[in-house]
Amino acid sequence: PVPTISWRKVNGHNPSKARLRKSQAVLEIPNVQLEDAGMYECKAENSRGRNVFRGQLQVYTYPHWVEKLNDTQLDSGDQLRWECKATGKPRPTYRWLKNGVPLWPQSRIDMVNGVLMIHSVNLSDAGMYQCLAENKYGTIYASAELKILASAPVFPLNQRRKSIIVTKGQEVLIECKPQASPKPAITWKKGDKALRESKR
């Protein structure tokens, strides 16, 4: 006799959007997603017995960004850490470009699993960077600009007082906060002599 047919997803539930057609002989899954992947079983049975067929559904996807780059400003001498993160099946691999030219690991530059690290950045590191995430189904791009701040020390006008009047025995505070990149080394002198720390 004509068998009755039933479908099930092994180790899971049939997708709620799944449809059965042609007397249940055809299982249709519209708009397939990663979570639909798995082993499916078709069971046919009549009064003479039953038979089962199993088939594996594998779902592959184009890469998709989870985490992108942001434009960044750093002081000369700082460390850059950028991370690209994408999903996809097969799992995407990553490549980096700087100003459109492939970037390779060097003495200061590390690239591991979508993470770019540049140790002790300098003006030569400034530019436009691109991260590429790719699998056999496609490639996606993320871009960001790295700006390096480098300037000689400059004192704001409000710190350039010629003289400070203070009562004998009181405490005095003289600020030295120059604007500079990278962070400058600061030394103090009284007249021509270097100042050293003391109890006072």
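Each Cβ is built from the backbone N, Cα and C atoms, and glycine gets one as well.
TrEMBL does not curate its annotations; it predicts them automatically.
Note that the coordinates shown come from a computational prediction; the quantities given were computed from them, not determined experimentally.
TrEMBL lists 1-53 (among others) with the feature domain 'Ig-like'. Confidence annotation: the domain 'Ig-like' (1-53) carries a mean pLDDT of 93 in the model.
Residues or ranges marked as domain 'Ig-like' by TrEMBL: 63-147 (among others). In the domain 'Ig-like' (63-147), helix, strand and coil residues by DSSP number 3 helix, 53 strand, 29 coil.
Per TrEMBL, the feature domain 'Ig-like' maps to 153-200 (among others).
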Tally of residues which DSSP labels helix, strand or coil - the domain 'Ig-like' (153-200): 3 helix, 9 strand, 36 coil
